[in-house]
Every structure is written in structure tokens, then in C-alpha cells.
Ligand SMILES: O=C(O)CCC(=O)c1ccccc1C(=O)O
Ligand SMILES: [Mg+2]
């Protein structure tokens, strides 16, 4: 990835994509997804290539807004030299300060560079570590905060489609309802891997009660049971086997805190969202850290379009030693998207698109 190149142009378009139904979590409700589709044009020797990226901070998830990103991008210099994509932090420091903007611009550069090399992004990333990429990655079915009957129906449908893991959103409904939902899914699907994501909604006391009642149901991971301000103490006070099932998600932002949590050796798993962590490369540093510490990694999206989802899928594919399943089965939430064909998920595995870079070119004109 140490090919020097010249960034000639960095353009963007604002895109609003409609969701099939509002996404409801314990903390927010989203009806459409607003993002910037970024296009970078790079020159290396006599070769001119383009690459695409997506900037999509999720309102309520971080302080950065699309307006901040636009303002910063408008003011950023182009016509700049890079000796490698990693030089982004020095070459465009204002861009690097906003995680989603850094993610989108870095992705456009990686996509362009991979196209220049005529190789998929996953291969570019894997070859840095002397690995071959995976052709498909294991993914979980993410199920929203629906009532017990609907939750069971969604979990059954996922299991019938071949998913071996579901993640239930919890914390938005009364605790007794959540417990009933989880117990009913376990009863209906005895061999399914079940994960939970509370998005920080429970108080430490509530989380303790729920977690105590859950061990019989064989829950794999509980994402962010309590809010970030309580998370570190909560983990410190949890017994070792409970802590092994707890994974920070919101608590992984900023990335420096994710490094701290991984290095402290107190959690069994970590959820990493490259969109919130500043890009694929900063996330890969965190994955390397987690692998060294024996912490399981789940890669996840922040409700991105096909561009952002593909980027995360390429990162997952670049790490054959990271099993997931990853939080990448969210393409179905979009009524319209930036790729022509939907994500190919069969038997709980997402197949990477063949071709250079991301494996497809979003339609710039109609975006
Ligand atoms: O991780 C997944 O399974 C899918 C993505 C997901 O759950 C999510 C999507 C948008 C915003 C927040 C979250 C989350 O993990 O909390
Ligand atoms: Mg989460």
C-alpha cells in the first residue's frame, strides 16, 4: 500500500436514501439515511484512477454532523501528494479529525489504489499481513426491537435462511418483555447463536439482573449493556465469565478508548464500526491489538449504504482469523441503495463482490 500517488480531485455528492422501515433503537429512530458519496481521483505515474467512499455519521451516535464534514471537505486542499494512504493524517489533518469524514476519504483512496493495482480492497489489506482474503464472511441477522411474536418470527426466518447467529436489539422495551423475547427465541431456535444489543439502555442494576437471568439461555455476546459512562465500572465489577460476554460498541468511540478497553484485558469481545473509528486502517490497528490480546472482534456498520457496507465486508474478508459473525446484514433496511445488485447473503455468509477496489462503482450521476 506504499505506492506514492497524487490526489487530483476530491468531490462529493449529498445523497438521501430511503429506508424500508424506520430503524428503532433504544436511543433513536431513523427514517432515511443521509450521506456523502465521495469520489477521489488519483494519479500514479501516467495512470489516472477514481475511487469511491462514503461519509455517513449517524445522528445521535457522535458529535460530528454531515454539515461539519461538508464544511471541512470544502476547505480541504486537493492537489496533494501522498506517499501512502496512511499519510492521510499528515496530508489532510482537518479531514482526519472527523472520524466519518476520515473513513470516507480513506476509503475513496483505498478504492482508487486497489483499482490501480487491479485487486480487491480485501486483498490489498490482507497482503499487508501476508494473508489471503476470504471470499465470503460470516454475518449475523440483526433484529430490531419488535414484540415477542414478531421477534420469534424474524429469528425463525433468519434461521431458515441459513443464518447461524441473530442479534436482538434490546433495551427499548420493558425488561420483562425483552427477557420473554429472548427466552422465546431460544425455545424456538435451540441451536441458534443469540447476541443482544442494548445500546447502553440499561442501568447497571438492570443489566446485572438481566445478565444473571440469561446464562441459562446461552447468550453469546451482550453489546453495550449500559451507557458509556457506566461501562468501564460495570465491566470491572462483573465476574469474569459475565465480562467475557460483554462487548463495548458505543464505548469504543473514540478509538483511543477502544485500545484501552482491549489492552486492559477485561472484555471478551469488541464491536468495531470503521465509520465511527476513522476508517478501515485505524480499525485494522484495533483488530491487530484485539487479536494479540485474544479479544474476539465483531465488525459492524452504522447503517451505511452499499459503499460503506462493502468497505467493512472487505476489512472482514482481510482477516480470515477473525470469525465474526459480523454485523453486515443490514442491506435489507434500504429501499434504495448505491449498488445495483443487493448484497449477496447465502446461508449466513456475505459474498464479496468480484472486481477491483470495492467490486462495484456507485452511479455518480444519479446519486
Ligand atoms: O451490528 C449489527 O448487527 C448491525 C448494525 C447495528 O446494529 C447498528 C446499526 C446502526 C446503529 C447502531 C447499531 C449498533 O450496533 O448499535
Ligand atoms: Mg451496537
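Keep in mind that glycine also has a Cβ here, set from the backbone N, Cα and C atoms.
Over in TrEMBL, the protein carries these features:
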DOMAIN    148-244  domain 'Mandelate racemase/muconate lactonizing enzyme C-terminal'
ACT_SITE  169  active site, proton donor
BINDING   197, 223, 249  Mg(2+) binding site
ACT_SITE  273  active site, proton acceptor
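What TrEMBL annotates, mapped onto the structure for a quick look.
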| residue | record | DSSP (3 states) |
| --- | --- | --- |
| 169 | active site, proton donor | strand |
| 197 | Mg(2+) binding site | strand |
| 223 | Mg(2+) binding site | strand |
| 249 | Mg(2+) binding site | coil |
| 273 | active site, proton acceptor | coil |
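Counting only same-chain residues six or more apart in sequence, the Cβ atoms lying under 8 angstroms from the Cβ of residue 223 (Mg(2+) binding site) belong to 167, 195, 196, 197, 198, 199, 247, 248, 249, 271. Highlighted in sequence order, 167, 195, 196, 198, 199, 221, 222, 224, 247, 250, 271, 300 have their Cβ within 8 Å of the centre of the Cβ atoms of 197, 223, 249, the residues recorded for Mg(2+), and are not part of that set. Listed in sequence order, the recorded positions among 169, 197, 249, 273 whose CB lies under 6 angstroms from an atom of ligand 1 come out as 197, 249. Summed and averaged per residue, pLDDT over the domain 'Mandelate racemase/muconate lactonizing enzyme C-terminal' (148-244) gives 95. Cβ neighbour count for residue 197 (Mg(2+) binding site) (all protein chains, 10 Å cutoff from its Cβ): 27. Around the Cβ of residue 273 (active site, proton acceptor), 26 further Cβ atoms fall within 10 Å across all displayed protein chains.
Distance between Cα atoms for the residue listed as 'active site, proton acceptor' and residue 169 (active site, proton donor): 17 Å, as a whole number. Residue environment of residue 169 (active site, proton donor) contains 24 other Cβ atoms, counted within 10 Å of its Cβ in all protein chains. Here the Cβ of residue 249 (Mg(2+) binding site) has 25 other Cβ atoms within 10 Å, regardless of which shown protein chain they belong to.
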